[in-house]
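If you check TrEMBL, you get these features:
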TRANSMEM  159-176  transmembrane segment
TRANSMEM  315-336  transmembrane segment
DOMAIN    331-760  domain 'Citrate transporter-like'
TRANSMEM  343-360  transmembrane segment
TRANSMEM  380-404  transmembrane segment
TRANSMEM  411-429  transmembrane segment
TRANSMEM  500-520  transmembrane segment
TRANSMEM  608-628  transmembrane segment
TRANSMEM  634-652  transmembrane segment
TRANSMEM  664-686  transmembrane segment
TRANSMEM  753-777  transmembrane segment
TRANSMEM  797-820  transmembrane segment
Amino acid sequence: MIHQTKDNISDGNIHKSYSVKDLQKEQIIFMEEHDEITSRCKNIDENRSWYNNSSKDSFLDSMDSHNCSCCHQKIDTFNSSYSLSQKKKCFSFSFGAATEKTPLVNSYEMSSYGIINEENASDGTLKSDFEDSHTDNADECQSNASQTEGCSFFRQIKIFILCGFIAFTLASFIMFREKHEVWSNVSIRFGFPVYINISDYLEELYPVWTIKAKGPFLPQEYRNLTKFDAYFTIVKQLNGSRRAVRTPWIAPVAPYETAQQIGITEITHSFNMDESDALFGSFERDSDAIYQLEVSTSEMKPISIQVSVAAYSKLSLKGIIFSVFILVLLYSLIVFEIVHRTLAAMIGATVAIACLTIIGDRPALEKVVSWLDIETLSLLFGMMIIVAILCETGFFDYVAVLAFRLANGETWPLIIILCFFTAILSAFLDNVTTVLLMTPVTIRLCEIKNIEPKHVLIAQVIFSNIGGAATPIGDPPNVIIISNAKINAMGVGFASFTCHMMPGIIVCLIATVFLLRFMYRDLNKLSFQEPPEIMEVKREIDVWKKACSSIAGYSRDENSVRVVLRKKVLSLETLLSKQLYNTKPSHEEYRATLAELKTKYRIKNKPLLIKSASVMAIVISLFFLQSIPRFDISLGWIAILGAIVLLILADFEEIESIIARVEWSTLIFFAALFVVMEALSELKFLMFIGEITQNVINSVDEQHRLIVSVCLMLWVSALASSFIDNIPFATVMVKIIQDLAESKDFNLPMTPLIYALAFGACLGGNGTLIGASANVVCAGVAEQHGYRFTFMDFFKIGFPVMLVTTIISNAYLLLCHIAFEWH
């Protein structure tokens, strides 16, 4: 930080004056930084110097003779920095090139922030980086001019089309109104039914009439605990008489004495008016009649309940077409990287709501917000805060050195240790948290070994998804499956689920190791495609650009900082454009390397590490206890409370630095993706997949029905979960499995289908980048560290692994349930 002592304002310009003593202090600091940089840059031949007062004019004359926008931009930047560097007679300084960690800075006289004596500056041996490189940059600008014009044209087309989608959504909002749930409070008792007029809520376009009720209702499996019921009947009133048009919906009600203890339960039932009723036949709407909902009970004492009626569209071709369009749009934006995946998800969510609006099911804003999985978002936010604070202690660097020592510095043993540790941790901790903890360690190890981190990160998140499938708490689909009341009633608990899934998962993990070893049989594929010096500068440029864009620029001080950051970026880009020696780093002996790493990567803040480790241990312990039914606290609350406690214990003066490390783009991506998936559910797309599955199973003869149902459930779940988030898909498929098991026509056991769904939904998440939550989290954290991998990078590795592991799990399920009839 340069210490300002005086501001002289004249002619509208601000000239900052500094004392010689202050400049001498700054020079000492800068020279210390220079010594550190010089020791890391033995193989780089860079001529670096700074212009003094006498060299400025010749430099500008040479630049003016060349007509290039890039170079003129450098002139402007040079002018701004030069005006800051003018000092009275003895000293001059300028904000300079690279940071203290950039390996491309030369071993010449100046540090990244240089101070030059005017006598030395007049030496003819000193030349500017701009003078050395502006000619090469000019040729590059001219050669890329035509490409820039073409890219600009397609960019304008892209912006026009995407804005068209938003305009389409706005127009649909103007034309169609929102649907709101209207609740009616009623009190019923035996012999005194209540009639609710529902004609105003019903339209011919929406033949599915859905009844929701809140009250002291009991689940169907507890019907034997009560002898009282509530009856919901749709009746038609015409000429003073009422007649039922559909078979009543009967819901068990808790006795009056225990109703207060039961609490309020919401139940839902749908009447499909297009289908023929067993008692009343087909339904034809009479325009002269008034349709009412009759609510009655067999309980002698009064019962207070709330009732809501709404009409919805049934499964239709239009909804399926819209669903396919939404998925194609979303994946096109992500796969071809037309926009960032977060913006792609936001556009997809907006278009999905517009499609719902067109078919007349426009959701209210409150309903859209209710679609967000607050549990997952809270878990991510809390763990991101904890991990950000843990990074301040040097913990991840220290763990990376330990892993390097365990693997004896060998590449493949190191990768296998990381992957299997991640898989084991994911089995007992949710895989999102596991990825958040392991990704920084993996990146540091890859930097030590000069391995491109994206390959190891992809392998690691694949193992996380596979390992998480082994237990009910490892992966969200398993949590959805095991928390179902009917599945629990069949005896599928934590122990039985784990014992059934674990053998198949172990085989899948072993097979994945061999598959990855085959795919990366050439170790050169794991290394950086460019020299590490170039990669480091590129990452540093990205980091400084993000830092510059994060500063608002509302005040003069903030603007000054932005100028400094822009000069850093420009200087790094100048260095990057020069010719570098394409030399590989020398391979030191393992022991020497380990000793150097131990010296370099130490624990930075032991008191903060103790606090962070204590909070982390408590949080992870509570995660394990969360699976106990009596422990009524969610994962999201545990993570948020842990983050708040750690922020209090850390007692940071500036909390903004920690909050800024939260992957907000990842959180927004998840929020938008939840909206897309719920919209697909509202469009009946997931129901469409389930109905196709049921129809195929029903078409098979009973002798082979179990084999077909297990294979079909597994592969449909795996392929669908690769392209659709597996959380809403698992929710829908659990209902489909219940219908298959309860139907006497199918005569199928539920247990094999449950495990087929668990294998398919968890392993299918490895198919694509957005197939599982852990994939997106890993990509976001890696991008924050400067290592970005695309949809196709993940697809090339993840999809083959998904196919192989699904084949193995298919054979395992057939062996267990067809050959040995484990169920």
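The count begins at 1 with the first shown residue.
Note: Cβ is positioned from N, Cα and C throughout, glycine not excepted.
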Tertiary contacts of the transmembrane segment (753-777), defined by C-beta under 8 angstroms and 6+ residue spacing from its ends, are 334, 341, 376, 380, 426, 431-432, 434-436, 461-462, 464-466, 468-469, 475-478, 481, 487, 492, 497, 500-501, 504, 508, 663, 666, 669-670, 673, 709-711, 713-723, 725-727, 729-730, 733-734, 737, 740-741, 790-791, 794-795, 798-799, 801-802, 805-806, 809, 813, 817
Interface present between the transmembrane segment (500-520) and the transmembrane segment (380-404) (three or more C-beta pairs under 8 A): no
Any chance you could find the range in 343-360, 411-429, 634-652 with the most Cβ pairs under 8 Å to the transmembrane segment (608-628)? 634-652
Contacting positions for the transmembrane segment (664-686) when only residues 6+ beyond its ends and CB under 8 Å are counted: 313-316, 319-320, 322-324, 326-327, 330, 340-342, 345-346, 348-349, 352-353, 355-356, 359, 361, 363, 368, 371-373, 376-377, 380-381, 724-725, 727-729, 732, 770, 773, 776-777, 780-781
Positions on the same chain near the transmembrane segment (343-360), where near means CB under 8 A and six or more residues out: 162, 165-166, 168-169, 172-173, 175-176, 203, 205-206, 313, 316, 318-319, 322-323, 325-326, 329-330, 333-334, 368, 668-669, 672-673, 675-676, 679-680, 682-683
Same-chain residues at least 6 beyond the ends of the transmembrane segment (411-429) whose Cβ lies under 8 Å from its Cβ atoms: 403-404, 435, 437-438, 441-442, 445, 449, 451, 456, 459-468, 470-471, 473-475, 505, 509, 513, 517, 523, 526, 620, 623-624, 774
